[in-house]
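Asks: Annotations per TrEMBL:
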type     : residues                               : note
ACT_SITE : 197                                    : active site, proton donor
BINDING  : 197, 198, 199, 200, 201, 238, 347, 398 : AMP binding site
BINDING  : 201, 237, 238, 347                     : Zn(2+) 1 binding site
BINDING  : 238                                    : Zn(2+) 2 binding site
COMPBIAS : 459-473                                : compositional bias 'Basic and acidic residues'
DOMAIN   : 194-361                                : domain 'HD/PDEase'
REGION   : 438-473                                : region 'Disordered'
């Protein structure tokens, strides 16, 4: 492995100059029982079974900027160079681009300069990044710091490191140039202007997935193929996420909603986008056709499992297996199911991280919700649940999410893999929930104190003592 590590490091150093930084709760469809509070909360996060009684009124296609882009016909038209330009010919690059890459090519065509490319990291920063990778299996891994140390290339650097660490590059005879290009395109196809669903979130999920793959129940059972599939699914699970949820796409009559029949719209798009990049780069073109097709199908199966609206289905099946002690990890289908559950856990593990990390993620996902709500208000659409910044707070959204979504899932995962990591995650989640509850109480107390203090002052009476900073001057 020493020679492989050296080649890997040399290749990484030589390729850093190529990179430019381009920077969810899942949406889908679910039938639910209105008496089930968990299902109701999941519904608030974005699941809708579109029937006539749902009441989504069709919107004009010009009502929102997302609708001005037709994802089906995106392509770039680039000039061939000075010689070709003189002859009046043009070079057309016909390929299906992600929304993100389309916007970048459009800026170039309109003569708008891209952001100044980032410089190569100096040895001090790259050295710190390498030191962090030595502890990549630590649950306290700070992905925000790692992203800074890698100059915004956390997803590429982390994924390549894990593939190399497992020996998967050599084992599956992956061409390093194709692999590098694939990872660069994956990172570019995440929208880094999204507060939450961006390449740093994908890197965080990939790191969490690695932690789960290292757990004894999985590490002694999973094959190299399973591991490759799990890492790639984690890295691509939110590919080309637009920063809005499924109900938004449905009620604005977006073509993706029609294409996927209002069912797991985003997850299907993430999967198909990942398959598109695999084929565009030819990463598995050296494998037999049936093997590459199988990998594409199973990659989709993992990504589709992250649909939050299918949470109860997966959780019920998982609970039944655990109650009956019927999981047999020597069976390929059971290993694949466990990989699905591991990816689901990795995808929503933010409440289980230490407070300093969890709080940042909570603020980012809530801001993405609120940005959608602002867009809906601007275009006179019905504001989606949890997306109105005037009636929701970070705290109440997070407490509800932990209560109805995260705690049931991680409770069952701890039954399956009763390890120190599982207990650590549950411990962090309990502390984080209490912290948000405390902040909520402080906010409520402050809001109640302000009007009473103002009324006392207006009536000429002595105001009660209120926290510093809340008193009017």
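Just so you know, glycine gets a Cβ as well, placed from its N, Cα and C.
A TrEMBL annotation is a machine prediction, not a hand-curated record.
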Asks: For the binding-site residues 198, 199, 398, work out the Cβ neighbour count at 10 Å and name the residue with the minimum.
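Replies: It is 198 that, of the binding-site residues 198, 199, 398, has the fewest other Cβ atoms within 10 Å.
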Asks: If one measures from the C-alpha of residue 238 (AMP binding site) to the C-alpha of residue 197 (active site, proton donor), what distance in angstrom results, rounded to a whole number?
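Replies: Their Cα atoms are separated by 7 Å.
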Asks: Highest Cβ count within 10 Å among the recorded positions 197, 201, 237: which residue is it?
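Replies: The largest 10 Å Cβ neighbour count belongs to 237.
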Asks: Take the C-alpha atoms of residue 237 (Zn(2+) 1 binding site) and residue 347 (AMP binding site) and report the distance between them in angstrom, rounded.
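Replies: Given the Cα positions, residue 237 (Zn(2+) 1 binding site) is 9 Å from residue 347 (AMP binding site).
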Asks: Which whole-number value in Å describes the distance between the Cα atoms of residue 347 (AMP binding site) and the residue listed as 'active site, proton donor'?
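Replies: Cα to Cα, residue 347 (AMP binding site) and the residue listed as 'active site, proton donor' are separated by 11 Å.
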Asks: With the cut-off set at 10 Å between Cβ atoms, which of these binding-site residues ends up with the most neighbours? Options: 238, 347.
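Replies: By the 10 Å Cβ neighbour count, 238 comes out on top.
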Asks: Among all protein chains shown, how many Cβ atoms are found within 10 Å of the Cβ of residue 200 (AMP binding site), not counting that one?
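Replies: Its Cβ shell of radius 10 Å holds 23 other Cβ atoms.
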Asks: Work out how many Å separate residue 197 (active site, proton donor) and residue 398 (AMP binding site) at their Cα atoms, rounded off.
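Replies: Rounded to a whole number, the Cα-Cα distance is 17 Å.
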